[in-house]
Amino acid sequence: MMMQQQITGTEHGWWIISNENRIWLPKGELPFGMATQWSLQGKIALPIGEWQGEKVWLIRQKMVSNMVSLRQIVASDRGLFQLAGRGVQLAEFYRSHQYCGYCGNEMHHSVSEWACLCHHCHERYYPQIAPCIIVGIRRDDHILLAQHQHHRGGVYTVLAGFVEVGETLEEAVVREVMEESNIKIRNLRYVASQPWPFPHSLMMAFLADYDSGEIRHDPQELISADWYHYDQLPLIPPHNTIARRLIEDTIVLCRNT
């Protein structure tokens, strides 16, 4: 059962306080401990999981200060970051689904799943999840890295993009790589996936080998793109990200070439 409840003050665990895709990080980290320690008694909370044997609670509220982007804890423990991402996405889902998009009546939270229900027209809404592909591309002992327009700060990463309607994951990889870098790839293989709450993506990761073409990056998407020798890389994404894993997996392949 996924029932909201009013906090009495005796509850203990991790506290995700979120509003408009931002999260409360007092002292720069997720609050942990008794509800009274964080003055949360009387708030309405929803249990959304467990971490290290402790409940994870979601409270949808804007705090006076220390409301920041979830990106601030990307490099923290992967499991905890994933739960925090779930909390932020659920908070935004419930905030944006207060009324039915079909009939305009008030929505109600399901107690058996993450969903909103309309008791008037019986419509049911679920959190939106956007499928994305991300791919590490190797050319001998080099890896293709790009600086994205939305990655200001000098970080270089692998290519990625959203899957379009009626498109397979494999087709999406081939299309995105061609659109963003003008090269063709081969030997495409699936690696892993990672929920990515910016804002509500599911990243599906692949590795591929270079086939043909010269890099010509799309200036609408990328600031630059180039081949980098595996032991002379620029600033890359932090640990616990699927992009970092693809880069590290490609480095291993380069060393074994």
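Heads up, residue numbers simply count up from 1 along the chain you see.
Yeah, the Cβs are placed from backbone N, Cα and C, and that goes for glycine too.
Sequence-distant neighbours of Phe198 (substrate binding site) (same chain, six or more apart, CB under 8 Å from its CB) are Leu70, Arg71, listed in sequence order. Annotation source Swiss-Prot lists substrate binding site at Lys27, Arg71, Glu113, Tyr126, Gln194, Pro195, Trp196, Pro197, Phe198, Pro199, His200, Ser201, Ala243.
Taken from Swiss-Prot, the feature Zn(2+) binding site covers Cys100, Cys103, Cys118, Cys121, and the record attributes it to sequence analysis. Neighbour count (other Cβ atoms within 10 Å of the Cβ, all protein chains): 11 for Cys103 (Zn(2+) binding site).
Same-chain residues at least 6 positions away in sequence with a Cβ under 8 Å from that of Ala160 (divalent metal cation 1 binding site) are, in sequence order, Cys132, Ile133, Ile134, Val135, Glu176, Met203, Ala243. The divalent metal cation 1 binding site annotation in Swiss-Prot covers Ala160, Glu180, Glu221, and the record cites sequence analysis as its basis.
The divalent metal cation 2 binding site annotation in Swiss-Prot covers Glu176. Reduced to three states, the DSSP call for Glu176 (divalent metal cation 2 binding site) is helix.
For Glu221 (divalent metal cation 1 binding site), the same-chain residues lying six or more positions away in sequence with a CB closer than 8 A to its CB are His148, Gln149, Glu179, Glu180. In this structure, Glu221 (divalent metal cation 1 binding site) belongs to neither helix nor strand by DSSP; it is coil. Annotation comment: Swiss-Prot describes Glu176, Glu180, Glu221 as divalent metal cation 3 binding site, evidence class sequence analysis.
The domain 'Nudix hydrolase' feature in Swiss-Prot is assigned to 127-251. Across the domain 'Nudix hydrolase' (127-251), the prediction's mean pLDDT works out to 95.
As annotated by Swiss-Prot, motif 'Nudix box' applies to 161-182, with the evidence given as sequence analysis.
Long-range neighbours of the motif 'Nudix box' (161-182) within the same chain, counting only residues 6 or more positions beyond its ends whose Cβ lies under 8 Å from a Cβ of the stretch, are 130-133, 135, 137, 144, 146, 188, 190, 201, 204, 206, 208, 213-218, 221-222, 225. Listed in sequence order, the residues of the same chain lying 6 or more apart from Gln194 (substrate binding site) and placing their CB within less than 8 Å of its CB are Leu202, Met203, Ala205, Thr241, Ile242. Closest to His200 (substrate binding site) in space, going by CA atoms and restricting to the binding-site residues Cys100, Cys103, Cys118, Cys121, is Cys100.
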